[in-house]
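Have a look at the structure below before the remarks.
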Amino acid sequence: MTAPVTTAPSWIDEFPARIAALDAAHLRRRRRAVLPAAGAHLLVDGRPMLAFCSNDYLGLAGHPALAEAACAGARAYGVGSGGSPLVSGHSQANALLEQELAQFVQLPRALYFYAGYGANVGIVPALVGAGDALFSDALNHACLIDGARLSRATVHRYPHADLAALAALLAASDARRKLVMTDAVFSMDGDVADIRALLALCQQHDALLLLDDAHGFGVLGPQGRGSLAEAGLAGAAASPRVLYMATLGKAAGVAGAFVAGPEPLVEWLVQKTRSYIFATAAPALLAQALRASLGLIAAGDGRRAQLAARIAQLRAGLAPLLAGSPWQLGPSGTAVQPLVIGANDEALAVMEALRERGLWVPAIRPPTVPEGTARLRIALSAAHTEADVQQLLAALAEVHARLHPPCPPTGESALPDPA
């Protein structure tokens, strides 16, 4: 008699249990259908919400001039690009955008990518490889981390913004090619890297600096020209040791990314960046919208002033609430305001309580942020009004009082008197 055939459980059958484990740890993420795609007031799953979650920092994503430029681009070029940039996808509109981006950030040349993640994932391995050394801030964005992994270079991770630790690592390295990479504005904390000090270390140790300014471009610097211009390191002061990368789907209000810097370095990226070479090029309609956006950014001092006022209002309004509270507001002067709650379950509870009050503020949990630092990532925009921020402050005060009731004055009992 033939013995029955036993089949070992397939690893594919493990996924329901693995998803359940994410649920149990409060780490499962869920998408929500949104209309429109950005702005301060959204329909989320069909419900009106006041949103503090969009990276549309200047409120340009819904600007009619950008929509009209995109429509005109679609009429002139069609909707798709039809090929990769090194074959047939590099449209005249994309070429003009690259020229205008370089002029805007005051660097010799720019290269336009379809997405910011794809840009960094490709740029890093194009610059360094096995036997080279990478130095990465502990809080860098995932795209830089993943680019480092793909590069096969030796990665040295230094504590966040710890220049002394970075200097020691650079001094100890005997690699001929060294790349220091950092966010300019850190996406979950909102603080700004010390670009001048980083560049000084790169000059001292013959290293190249890759700067990811996803959250600074359009907001910081004269006319919104970015963190490099804010540091006084653009134009005539530009260094051949800096590659400047920024995204175009945040303050610029459209989509995509670019890298700018010395002509030979950018040309090398054209030849060797796999995520550029082997990806379909961005359609010209996006380039046309971005060309219009650059003009609005340059003329957007009023929008930047509005954003600065909302940042100041939020921080001043939270100060008395957080005195003695376990919640902490990170030291950010940018549009990214991190309200650190701590535990995953409490951060989710705060997010849900705000949602019940018509406010959408996302809870950010590990692995995006370190364990024990789950937070509300409050993203402010020039589109927010003073009343919008006041509504958020009032709701946070209500939720905080419910979760962390104030202690009674000394000598008084928290319990009611007996009947």
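The backbone N, Cα and C atoms fix where each Cβ goes, and this holds for glycine too.
Nobody curates TrEMBL annotations by hand; they come from automatic prediction.
Together with Gly116, Tyr117, Ser187, Thr247, the pyridoxal 5'-phosphate site in TrEMBL holds one more listed residue from His63, His156, His215, which is His215. Residues Arg29, His141 are recorded by TrEMBL as substrate binders, and the candidate that the same record lists for that site, out of Thr334, Thr368, Thr373, is Thr368. Gly116 (pyridoxal 5'-phosphate binding site) sits 10 Å from Lys250 (N6-(pyridoxal phosphate)lysine), taking the Cα positions as reference. Across the fold, the C-alpha of His141 (substrate binding site) and the C-alpha of Thr247 (pyridoxal 5'-phosphate binding site) stand 13 Å from each other. Each of the recorded positions Arg29, His141, Lys250 was assessed for Cβ neighbours inside 10 Å, and the highest tally belongs to Lys250.
It is 10 Å from the Cα atom of Ser187 (pyridoxal 5'-phosphate binding site) to that of Thr368 (substrate binding site). The pyridoxal 5'-phosphate site is defined by Gly116, Tyr117, Ser187, His215, Thr247, and by the 8 Å test on Cβ atoms against their centroid, the other residues of the chain that qualify are Asn55, His141, Cys143, Asp212, Ala214, Gly249, Lys250, Ala257.
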